Amino acid sequence: LRLSNGTGPCSGRVEVKHNEEWGTVCDGDWTIEDAEVVCKQLQCGSAVQALNRAPFGEGSGPTWLYRVDCRGDESALWNCSHTGWGAFTCPHYFDTGVICSGFSSLRLTGGNTACSGHLKVKQEETWATVCFAHTDFKTASVICNELECGQAVDILQGTHFGDSHELIWQEEFHCVGNETHLSHCPRMLHRSKTCSHDAIVVCSG
């Protein structure tokens, strides 16, 4: 199982490998429960959106799965009920896509209060540092709201990294400001592996 053509490993067109060949999943009532299984299976946090009609472009190869119907707690997408491998040939403009949160939780560390500190997100089992250049005040507002920490007061440049070996979160957040969770904000993959400073978020709470 993989996601292709998205902003990172945790969003994109849903592709499955069967009989040594990669193919796609055709939309037949593709729901957030189906997307949830994909995100969990890929260790990509939780599902943010289940998309249809080739939102990440049309794939190629067989349409391996059709009318996938998951409860949401299955360990693999193909363990959900479906019509059988390659049972129905579907045009690729019905290819499904998924956007996963990519991280399972967030926290502010090393601040004077529980509501201020260096912004980190949990990626699988490790905590990744969020770059100051990849966030803004609207992002801080969403974070403070999600952590039940009142209003955002400031977002500051934190530690200077230089050649730090810390894990850096690879996406920029482009929040509108009214999202309830950071994982719901639009994101863009930032290809540069370097980060000059991490982000410090200060909330009123």
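Including glycine, each Cβ sits where the backbone N, Cα and C put it.
Pulled from TrEMBL, these are the features on record:
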type	residues	note
DISULFID	CYS26-CYS90	disulfide bond
DISULFID	CYS39-CYS100	disulfide bond
DISULFID	CYS70-CYS80	disulfide bond
DISULFID	CYS131-CYS195	disulfide bond
DISULFID	CYS175-CYS185	disulfide bond
DOMAIN	1-101	domain 'SRCR'
DOMAIN	106-204	domain 'SRCR'
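For the pair CYS100 (disulfide bond) and CYS195 (disulfide bond), the C-alpha distance works out to 24 angstrom. Here the disulfide-bonded residues are CYS70, CYS131, and the one with the most other Cβ atoms within 10 Å of its Cβ is CYS131. CYS195 (disulfide bond) sits 20 Å from CYS175 (disulfide bond), taking the C-alpha atoms as the reference points. Between the disulfide-bonded residues CYS26, CYS90, CYS185, CYS26 has the most other Cβ atoms inside 10 Å of its own Cβ, all protein chains included. Annotation for CYS175 (disulfide bond): same-chain Cβ neighbours under 8 Å, separated by at least 6 residues, are ASP136, LYS138, THR139, SER141, VAL142, LEU182, CYS185, PRO186. The two recorded residues, CYS70 (disulfide bond) and CYS39 (disulfide bond), show a Cα separation of 13 Å. Here the CA atom of CYS80 (disulfide bond) lies 19 Å from the CA atom of CYS90 (disulfide bond).
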